[in-house]
Each structure stands twice: as structure tokens, then as C-alpha cells.
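*Asks:* Just dropping this structure here.
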Amino acid sequence: MAPFWPLKNLIAVNPISGFEDLTFEDGLTNANAYFQQREMPVDLLHVNRESIKWLQAFFDDGQATIPMPLREKGFLRSTLMLLQFDQQIIGNDKQKIHWLKTLPDNPEAIVSETLSLLGIQYTDQQQFLTLMLTTLSGWAAHIQYRANWADAQDAKHPHPVTQTEYLAFRIVLTYLIWPNAKELLIWHRRAVEITDISSIYNNVVDNETTYRQALLKQLEAKQQVRKETRAEAQLVFCIDVRSEPFRRALESQGNYETFGFAGFFGLPVSIGNSVTGASYASCPVLLKPAYTVEEKPNCSHQSCDDGYKRLKGIKKLYQSLKYNFSTPFALVETLGLASGVWMSVRSLLPDNAASIQSAIRKSLAPDYSVTPDISSIPHRQQVSFGIGALKMMGLTENFAPLVVFCGHGSTTENNAYATALDCGACGGRHGAPNARILASILNDHEVRSEISKLGIAIPDDTIFLAAEHNTTTDEVEIYNEEMSDSFAAQVQALKQSLEFTRNENSLWRSRQMGVMTNEREASKATALRAKDWAQVRPEWGLARNASFIVGPRWLTKAINLEGRSFLHSYEWEKDIDSSSLTTILTAPMVVAQWINAQYFFSTLDNVAFGGGSKVTKNITGKIGIMQGNASDLMNGLPLQSVFKSDDEPYHNPIRLTVVVYAPKTKIGEIIMQQQILQKLFGNGWVHMICHDPKENLKYQLNRDLTWDHTNW
């Protein structure tokens, strides 16, 4: 089972990653048989409804008025202790109550005993247990996250659970409700027999071929030569596909050079805030944070602390009155009229509502800026992070006076999927903190001196700044400007160029969303979508993503890639030991494949692999989405993220095409050393194209990991 992250930091994953050891075709076939069930047995639906009831109660993260008791005893033990009082399952059946009380403590023993009672033959047991997971796959995926991916800091759930406990719980409920559950095996065999993915697969291949041919022809026809003149400013963006059109628009504004790099900027850190108490990992989920960087408020700590506590106290009071048994009616009587007026303002005048909201928030808790305290990172490690990032992004010479690390995030209203629009490389968070940390490191004179000794000379007249690109509004906010007094004119010119870029890119994005506007009004249109609480599609996110291009910017600069390509800067001549390319292919490329697969399957079947419609969603336990009150956890993207309308897809479900500008021998050696790459390329989950600069030829990687010359 693929893991499913909670709403507070949604991470894109391949929902059928458990089948990646199989070929792509076999993976599709198994996904259809296991996850895309059309008509489940009635008794199984009953088991699922009762399972969902208990899972919601146990995993609730502060939404329920009264939390489930005994949770501190762990998932399996607490549910088994309370299950005997569930009239819908047990009734007054003393035999069932006695059986529950005499179950062994060990979950493996419970599974073994219950399989025997259900009459499941040994040869069918693995299949049956698999079906126990896949017939309620959303919750199984969330428990996979809880058990194997969430560390203690991130999970913030003191009540433990394991996958085996979940299996034991499922099989116990199944036995109590459906003693003849071995019929499930017959149902599944029928599902396998009628599974046919040939038309889907053929359609995918046709669309991939069309896209790949067009892309490679563009790369062949529109390459530019490398420019050696010094740029006015260099901006490093996340590889996210939304950066590509913005970078292209910015480069047209003047002498600007842009780079693509994973949005966490090579920093495996956690971010802490002493005022808010927030602490979270700000790096890819494939990594564990090595250091915690505290964000220090620039204002008086006490005034910031008082303001935050005041705002938090008001919010807590309102929530307690709203969800308490005795006070909701009094709350409605008191605030009903004001709430009605406020709802009307938010619906009819979202721009004004946002301004009012901001003013109220500032009056209660004045906004404060923060500065990252990088002292928690040892000096030697700062040097390592700094030089490592510069090498990975290919910025080792010809530095501009201004170098800006530009993270990204989003702003939306009333959007349960908000974190899915933020930076995946930062664990579903905003990228500005990491950008500010790297800028602070590289502005340190001692760090620069050490980096210079290691072969990268940063000019004295170069300053590093941090920024954040709001992908919903296309605004770019530049931070730590207090360090750039001598660069005021350059910074102001850059800001002006960024504003022009915002207008140009907002116009293109508006048209992609079917909004007909002009360049003058486009930025207002995108800003309004970000503030509108009724807007189900504030932006398209990473929809239509299709390729991952690794190479220097001049390779793609003259091409309109239509916001469909992840762009990672790379210069193979400088990567003598292939370490940079190895990292790119085994980390950001893998994350890009997760994103591509999530969009692929959410489009292919939005019920089985997506989130359903935002309009009809229910948030359960503050952790996930349900449709109605008895659906599985929906563990994919909502309909509005991948479809123009209910039956017209916007995203084109095709597999990721990776294009690498490097010798094929270099790429081949890396693949032969990395099992994950052998699996993804060898089983057809990802396509690989090599643009060999030594031979000036293009090659396509076959599934047997040999190369064929291609004329595309």
C-alpha cells in the first residue's frame, strides 16, 4: 500500500506504488482488479461502514467534540475493548462478547485465529489479507503513513498503530459481521477475469508518443548557445512545472538567468518557531531532517508572543463554543446575524473580505517578520550545504550581482487540499524558509571563504537574497532586503520585472482556466481566485505535467514547454564523479514520478484513486476527505484539479518522460548502480531519453536497459 499523508501536509505519491515491481501493464491490471471495484458484496459494504466508524473515532485529530476513550492503549487494544459495547455489531450476543474478551494480545495471533474461523485455506490467506487492505484502501494507506512514514514530531498523534493491528481489526470485524467472508475470494477472482486494460493502455501509449515526438523535435530545433555575459540577476526556482512558464516570462523581461533546483534547496532541516510553537520537517519525505532551524521574530518576542496568544485564545474560545454540547445554539443567537453578513461579504466581495480579515488579524496580533537562526547548523555543515547546493544547481561561476533563491507556496481560501499546491520538496509546506536559510549561509563571509578554497569563487559584489513565488497569484515577495542597501536600484528593477512577469504569466494561466481577460486585468483575476472561498479551482497546480528535463537552461530556453516540464539545471562536464546526476535521478526525479502518477491515476479514475468533487466533500478528523458519511478516505486529487468539467479531463494521463543532457554511458552507469531506477525504467513506469552531447544523438532506453537511437 502506498502511504497517504494527512491534509496538513499532503504529499503526492503513486497510489499503486506497491505494484512497481511489476510491469506498468501488469500494474494497471492489478490496480483495476484490486482498487477499482464496481459492485462490492453487500456484506463487505457493511463491514466497511463499521470499520470507517471506528477508524474515524480513533484517528480524529481534534474535530470530535468528545474524543474516543482508551486511545492511549493503542489502536487494536482500545477498539477491541470498546467493540463489545457496539450494538450495531454485537447486539446482545454473549458469544461474540466472550470471543472478543478471550482474543490473544498479539495481533498476528488474532489474524491467524480469525482466518481459521473464517475457513480461509492457507494458500488463500495472503490473497484474503490483501483484499482486507485494498477494499478499504484509503484508510489502509493512511495507516501505512502512520506506521512507516510519520515520525513522532510530524505525526503528533500519541496513539500508536501498526499495519498488522489494522489487519487484525479488519478481520475481526469481518468475522463478526460476515462469517462467510471467504466468498470475497470468489468475488475477486471474477473481477480479475473481467479486467481488461488494453484500451486504456493503448490510449496512454498513443498520447505519450505524440507528446514525446513533439518535445524532442522542439529540443532539436530550438537550442540556444550558452551565454557567457554576466546576468543582472540570477534566480533559482523550484523544478515544479509551474515555475517553467514564469521563468520563461521573466527571462524575456531583461538580462536575467534562471535555474531549476529542488525547492528545499538541498537543506534537510526542520523549521521551528518559538512564538507559535510550530515545528515541521521542511525537506522531501525521502529524507530525515538533520537540523532544526528556529525562526526568530524581528519584533519584541514578548509583544509577538502576546499577540499570538490573544489570537489563538479567541479562536480556541470560538471553537469550544461551536462544538460544545450546550453552547452552539447560544452562539448562533449571539453571532448569527453577524455571521450571515460576513458570509455574504465573503461570497459577493471576496477581495474586500480578505482586506477586512487581514486588518482584524493585524489588530489582534500584529504581523511580524522572522529571521532564520542558522547557528544550529555547524559551520562546517553550512559550508557543505552551501557548496553542495551551488554545484547541484550548476551555479559555480559567472555569478550575477543578485542571486535570488525563490521558493514557492500558494494561498487559497476554504480549500482542504491547500497543501497539495505547496512545495512537495518541502514536505507540503512553503519554500521560503529554506530559501532564506540558504541565502543566510551563502552571505556569511567565513562560509564564502571556505567555499572559495574548495574551488568556487563568489565575487564580493554578489549578494544572495530569498524570495517566494505565490503560484496562485504569481506574486513574488523578496526577503532580507535589509542586506541589500547598496543594491537598491537593482532590487527595484528586479521587482518591476517580476511585476511585469506576473501580469504576463497570469494572463496565460487565466486562459488555461478558461477565463478570458487581458494582461492588465489578469493579475487581479488570479488574485481574486485566491481570495474567493467558493472557488473550487484557484489554480491548476501541476496538471498536465509530462516530462522531467535535466540539463543546462540554454537547452530549453527558446521553447514554450507549456508548463508541462519539471526543469532541473545540470551541466554534465562539471559532474566528474556523476554524484550530482545520481542525486537528481534518485531523488527529485523519483518525486516527480510520484507527482506524475498521482495526477495520472486521479484522472484515470477519480473515484478509486482521486478525491471526488470538492463540492460534496466531507473532512473527517482533520486528516482526510470523505464523500458522504460512509466512504473510504479519498487519497488522491479532487475532480476539479484534473478535470475541466465532470466528463472533460484537463490533465492528459501519460507517464513521465525523462530527458537527460549527458553521455549515455554516464546515465547507463548510474542506472546499473541504482535499483530504484532499474525498476522504474525497466518496468516501464518512466520513459528515459538521453540527449548525448558527445555524439550529438538522442537515445531511448528500452525495458531491458539497452539503448536505441531515435530520430525524434
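Note that Cβ sites are derived from N, Cα and C of the backbone, with glycine treated the same way.
All annotation found in TrEMBL is predicted automatically rather than curated by experts.
Annotations per TrEMBL:
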- C238, D240, H408, C423: Zn(2+) binding site (BINDING)
*Asks:* Using a 10 Å radius around each Cβ and all protein chains in view, which of these binding-site residues has the most neighbours: C238, C423?
*Replies:* C238
*Asks:* Can you list, in sequence order, the residues of the same chain other than C238, D240, H408, C423 whose CB lies within 8 Å of the CB centroid of the Zn(2+) site?
*Replies:* F237, I239, R242, S243, G263, G407, G409, D422, G424, A425, C426, G431, H469, T471
*Asks:* Output, ordered by sequence, the same-chain residues six or more apart from D240 (Zn(2+) binding site) with a CB under 8 Å from its CB, or 'none'.
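*Replies:* D240 (Zn(2+) binding site) has long-range Cβ partners G263, H408, C423, G424, T471, L542, F566.
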